[in-house]
Amino acid sequence: MFLSASMASSSLHVAIFSLIFLFSLAAANEVTVGGKSGDWKIPPSSSYSFTEWAQKARFKVGDFIVFRYESGKDSVLEVTKEAYNSCNTTNPLANYTDGETKVKLDRSGPFYFISGANGHCEKGQKLSLVVISPRHSVISPAPSPVEFEDGPALAPAPISGSVRLGGCYVVLGLVLGLCAWF
């Protein structure tokens, strides 16, 4: 059976769109510190905290965090928890000074950042964030009931990333199969 040129073109477009969609699901996110305002600077008030802002976001392994600041006047230091808590700028794990720093979050667990400018960390220019493990599901299981008669019920197992990715391959297979059919 021969395909007309327009049907073949339509099938190709569907296949390409499907591939783009699948790759977008696996793409890493870039998150700018501070959200839309995007400025790495001393917070405007003592009630604002970069860490509280970060707690509203979900960071996963492979994401990037972007710091925007005036090069030459400020910097970003990646530090240990102890250095973060004491605003100690000596011996950072990493020192960034380019004005638009993009840090890859390459592991799960906590990350700590402080300003390298004198006195800025003490005025609140610091950020701690937690990167979730690839094992964690984006969807949290429902809470268990408070009272039990026969014993506690098990929470449903979280859906792993490999199961979600496997579902994407099924969709891709269906689309490609439909393309071959027409």
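Heads up, the Cβ atoms here are built off N, Cα and C, so glycines get one too.
Taken from Swiss-Prot as is:
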type     : residues     : note
DISULFID : CYS87-CYS121 : disulfide bond
DOMAIN   : 29-133       : domain 'Phytocyanin'
CARBOHYD : ASN88        : N-linked glycosylation site
CARBOHYD : ASN95        : N-linked glycosylation site
LIPID    : SER160       : GPI-anchor amidated serine
SIGNAL   : 1-28         : signal peptide
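Sequence features, as recorded in Swiss-Prot, placed on the structure.
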| residue | record | Cβ within 10 Å |
| --- | --- | --- |
| CYS87 | disulfide bond | 17 |
| ASN88 | N-linked glycosylation site | 15 |
| ASN95 | N-linked glycosylation site | 14 |
| CYS121 | disulfide bond | 22 |
DSSP-derived helix, strand and coil totals, residue by residue, for the domain 'Phytocyanin' (29-133): 15 helix, 38 strand, 52 coil
Rounded Cα-Cα span from ASN95 (N-linked glycosylation site) to CYS87 (disulfide bond), Å: 14
Whole-number mean of pLDDT values that fall within the domain 'Phytocyanin' (29-133): 93
Distance from ASN88 (N-linked glycosylation site) back to CYS121 (disulfide bond), taken between C-alpha atoms, in Å: 9
Alpha-carbon spacing, ASN88 (N-linked glycosylation site) to ASN95 (N-linked glycosylation site), which is rounded to whole Å: 13
